[in-house]
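Chemist: What follows is a structure written as structure tokens; I'll ask about it next.
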Amino acid sequence: NGTSVEEFILLGFPGTWQSRVSLVVVFALMYTLTVIGNASIIALVWRSSNLHTPMYFFLCNLSFLEIWYTTGVVPKAIGVMLGTSQTISFSVCILQLFFLLSLGSTECFLLSVMAYDRYLAICYPLRYSSLMNSVLSLRLALSSWLGGFLSISLLAFMTSRLTFCGPDVINHFLCDIDSCLALSCSDARPVELATFLISIIVVVASCVVTLISYMYIISSILRIQSVHGRKKAFSTCSAHLSVVTIWYGSTMFLYVKPAAQNSLDLNKIVNTFNTVVTPLLNPFIYTLRNKEVKLAL
């Protein structure tokens, strides 16, 4: 792999043993709730025939993604904070980076697909079932997964070709792109440029699709005469809008920048929110603010 460093040491979070144990308890609790919450949504949609619609099909994909997204981070982070698993081999580090970025990219595409689905449901209610049929929804979901993983393949390969000759300490609880670039002793500008361009394509492009969809959605809702009709229409997309706001805000901060300029300590905080908090919030946002899911539950 062209590197003299065979493994890295993850620092995790600084502090006393008691503070790290407290963080471990919080991480473990949030991880358990995340897995249970997202798995419950998948089981609920699977068991309830009235939820067999494209919107809940995309929601199942999102829940399945969130389970693996947080699984790729939390177990290792707990080992790092306890001091039992602070080292990570170079190949596993690149593998973790690849899967986390790929799943994050897939989530961007899925959220834009879900926004497009809500646009069709609200702006073309009479033609919705014919426009968003099972074949199209399956193709959109499959395209999101393929697009997410293919878009990161080149970036992960370029990162694996960087030279690391020491130091080998990563100021993080996971392997992210900024940490790897900070430790590289070779020219990292091509990787920084590739990261920026891929971020523009994946994050900004999908965000633009989502924003345009919601511009049409809000415009259609405002044209509805009755207050009850407007409230009902908005309730079908308010949960998704909440998730979109949380996700894109943190993702753009982390990745849409021309160089690795952010403080690594600040990146740790935002990454914690992105990889641990957001996957936990999603099932609660969709269940607590959705009458169909509450009824099925």
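Note: Cβ is positioned from N, Cα and C throughout, glycine not excepted.
Quick paste from TrEMBL:
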type	residues	note
TRANSMEM	21-46	transmembrane segment
DOMAIN	37-286	domain 'G-protein coupled receptors family 1 profile'
TRANSMEM	58-82	transmembrane segment
TRANSMEM	88-116	transmembrane segment
TRANSMEM	136-158	transmembrane segment
TRANSMEM	193-217	transmembrane segment
TRANSMEM	238-256	transmembrane segment
Chemist: Within the same chain, where does the transmembrane segment (88-116) have neighbours whose Cβ lies under 8 angstroms from its own Cβ atoms, ignoring anything closer than 6 residues to its ends? I mean 6 or more beyond.
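Modeler: Distant contacts of the transmembrane segment (88-116): 1, 3, 5-8, 10, 55, 58-59, 61-62, 65-66, 68-69, 72-73, 76, 140-141, 143-145, 147-149, 151-153, 155-156, 159-160, 164, 170, 174-177, 180, 198, 202-203, 206-207, 209-210, 213-214, 237, 240, 243-244, 247-248, 251, 274-275.
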Chemist: What else in the chain is close to the transmembrane segment (58-82), if you only count residues 6 or more beyond its ends and a Cβ gap under 8 Å?
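Modeler: Same-chain contacts beyond the flanks: 10-13, 20-21, 23-24, 27-28, 30-31, 34-35, 38-39, 41-42, 45-46, 88, 96, 99-100, 103-104, 106-107, 110-111, 113-114, 117, 137, 140-141, 144-145, 173-174, 275-276, 278-280, 282-283, 286.
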